[in-house]
C-alpha cells in the first residue's frame, strides 16, 4: 500500500518537475529570444493589418541595435501594461518634422510612427519614446498564411529627414 | 552535463527574472539611504521583480529603472509622484509639473547630487524594472528599505490645506501648462 503511494507520489513529482523545467525554458525563450504577437488596430496599415500575427525577436533591442525603418513592439508610454507596434522613424540625435515644428530626438530616445499616417497615435502625439521601452523587433508575418513572409520596408513617405 | 546546463540555466534565469536579484549600488544619489559613506563600501540591494510585475508602485517606493537617457544604464531612485499628481520641481524647466498618464516622477534622496526627473522629466512606468527591498551587503548594513516620502516632496495635490495654499501661491505664477 505505502509503496504504491510512494510510486504515485514519485510519478507526480516527476511530472511537476518536467512542467517547471519546460515552463522555465519557455519563459526564457519568450523573454529573451522571441515571441509571437497579435497586432490589433489600424495604425500600421498597410504593412500590418489588424489581427495579423507577427514573429518578433528580442535580441536586437537588448543590444540596442535598432535602426531606422524597423517595425518594433514597445511598451506604451501611457500605459505600461499595453504594447504598441510602430515603425522607428528616427533615432536619438535625428531631426524630425512634426507639423510645423522640428524636433530633435533626445539621446537614448526613438521617434515612432505608424505606417497609417492618418490613424495612428504615435510620437506625433506623445513625443519621442525612451529606447528602454522597446521590447521586440518584428521579423515576419506568420498569419494569415497567405501573407507569410517579411514586412515591407520603409514606406516611401518615410524617407530619412 | 549538457542536460544539466540546458535545464539549469533557464531555471536560474527564470528565477532571477520573476523573483529578483541582488545588485550593487554605485554613486551618491541615494544618500543617506544607500551608500552613506562615499568611497568606503558600496551597498548591495535586493531588487524584487515579483513586487513589480503589475506596475503597482506607490509613492515613496525605491525602484530601479532603465535610464531614459541611456537604455544600457540602470538607475535607482525613489518614486515621488504617480500619474495625475502635481509636482513642485527642483530645477526642472517648469516649476510645476502634472505627471502624465502612465508616468511617474522619480528623485534621488540626495537632492542636488542626483540625475533624476528634475533633469529628464517624468519617466514612463514601463522603464521601471524592479523594487528595491532590502540591503543585503555589507552585513552591518542589513536592513529593510522602508517606503518613505520626504515631507517637503509630497505632491501638491496630496498636501493638507494649510501647506497647499502657501506652496501653490508661491509657485503658480510661472506654470506654463
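For all residues, glycine too, the Cβ spot is worked out from N, Cα and C.
These features come from TrEMBL:
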ACT_SITE  A:43  active site
ACT_SITE  A:86  active site
DOMAIN    A:19-97  domain 'Peptidase S26'
DOMAIN    A:103-143  domain 'Peptidase S26'
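Long-range neighbours of the domain 'Peptidase S26' (A:103-143) within the same chain, counting only residues 6 or more positions beyond its ends whose Cβ lies under 8 Å from a Cβ of the stretch, are 34-37, 42-48, 52-58, 60-61, 64, 66, 70-75, 77-78, 83-97, 149-151, 155, 157-158. In this model, the domain 'Peptidase S26' (A:103-143) carries an average pLDDT of 89. Between the CA atoms of residue A:43 (active site) and residue A:86 (active site) there is a gap of 8 Å.
Residue A:86 (active site): 24 other CB atoms within 10 A of its CB, across all protein chains. Break the domain 'Peptidase S26' (A:19-97) down by DSSP state and the numbers are 19 helix, 32 strand, 28 coil. A 10 Å cutoff on Cβ-Cβ distances gives residue A:43 (active site) a total of 24 other Cβ atoms nearby, all chains included.
DSSP states for the domain 'Peptidase S26' (A:103-143), grouped as helix (H, G, I), strand (E, B) and coil, give 7 helix, 19 strand, 15 coil.
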